[in-house]
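A.B. asks: Here it is: the structure, laid out below.
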Amino acid sequence: MIGIIDYGMGNLYSVSKALERLGCPYVLSGDKEELEQARGLILPGVGSFRDAMHILNETGLAAFIRSAVENGTPLLGICLGMQLLFDESEENGPTKGLGLLRGRVVRFPGVTKTGEPYKVPHMGWNRLRFHRPSPLLRGVEEGHVYFVHSYYVIPGDEDVVLASSEYDVDVPAVVGRGCVFGTQFHPEKSGAVGMSILNNYVGIATGRGNG
């Protein structure tokens, strides 16, 4: 069973429907005791980094997530959920994240180095470029996936970047270290490529994808 962490800021419906399509049992909950029963966790997220961390800290879910990861429970952060895995964000003023991966979250400049303006948020389909092998990407093609975001991660350690995309700058699109994974894009809205990544994560969490 996969636990989708409900803290009031996730794209819960589309993630839960994607798991249903994969035939994967899940629980959608903000209750720590319920989530403790899950073999893997998904942290979705849409909205403000500062608001999300405030809720996670106030509800005790931030401490729960850190403890679960320390105990080896796989975790997948999606979109804002991926950004929350890192040390801090500059959105609405400096805010500490979960600190599970080193790095900080910054806003797209909106202007290229040559002075050309471009649209922020980044919204649309971009191709993945793989950098490192991972069980999360096993059998996945370097296809196009769907992004909606105004901020991106500058990693403290490039080794956590499993795949990137390009939108004026190099955007870490898939990250991972140990049992912690993240996608900046929405795998549940990214067609066959996204569903393959979600299916691999379910395999990692349930023990059929660790080989």
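Cβ atoms here come from the backbone N, Cα and C positions, even for glycine.
According to Swiss-Prot:
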- Cys79: active site, nucleophile (ACT_SITE)
- His186: active site (ACT_SITE)
- Glu188: active site (ACT_SITE)
- 1-211: domain 'Glutamine amidotransferase type-1' (DOMAIN)
A.B. asks: Between Glu188 (active site) and Cys79 (active site, nucleophile), find the distance joining the two CA atoms and give it rounded to the nearest Å.
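C.D. replies: Rounded to a whole number, the Cα-Cα distance is 11 Å.
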A.B. asks: At 10 angstroms around each C-beta, which of the active-site residues Cys79, His186, Glu188 has the fewest other C-beta atoms nearby?
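C.D. replies: So among Cys79, His186, Glu188, the active-site residues given, the one with the fewest Cβ atoms within 10 Å is His186.
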A.B. asks: Cα distance, His186 (active site) to Cys79 (active site, nucleophile), nearest Å?
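C.D. replies: For Cys79 (active site, nucleophile) versus His186 (active site), the Cα atoms are 6 Å apart.
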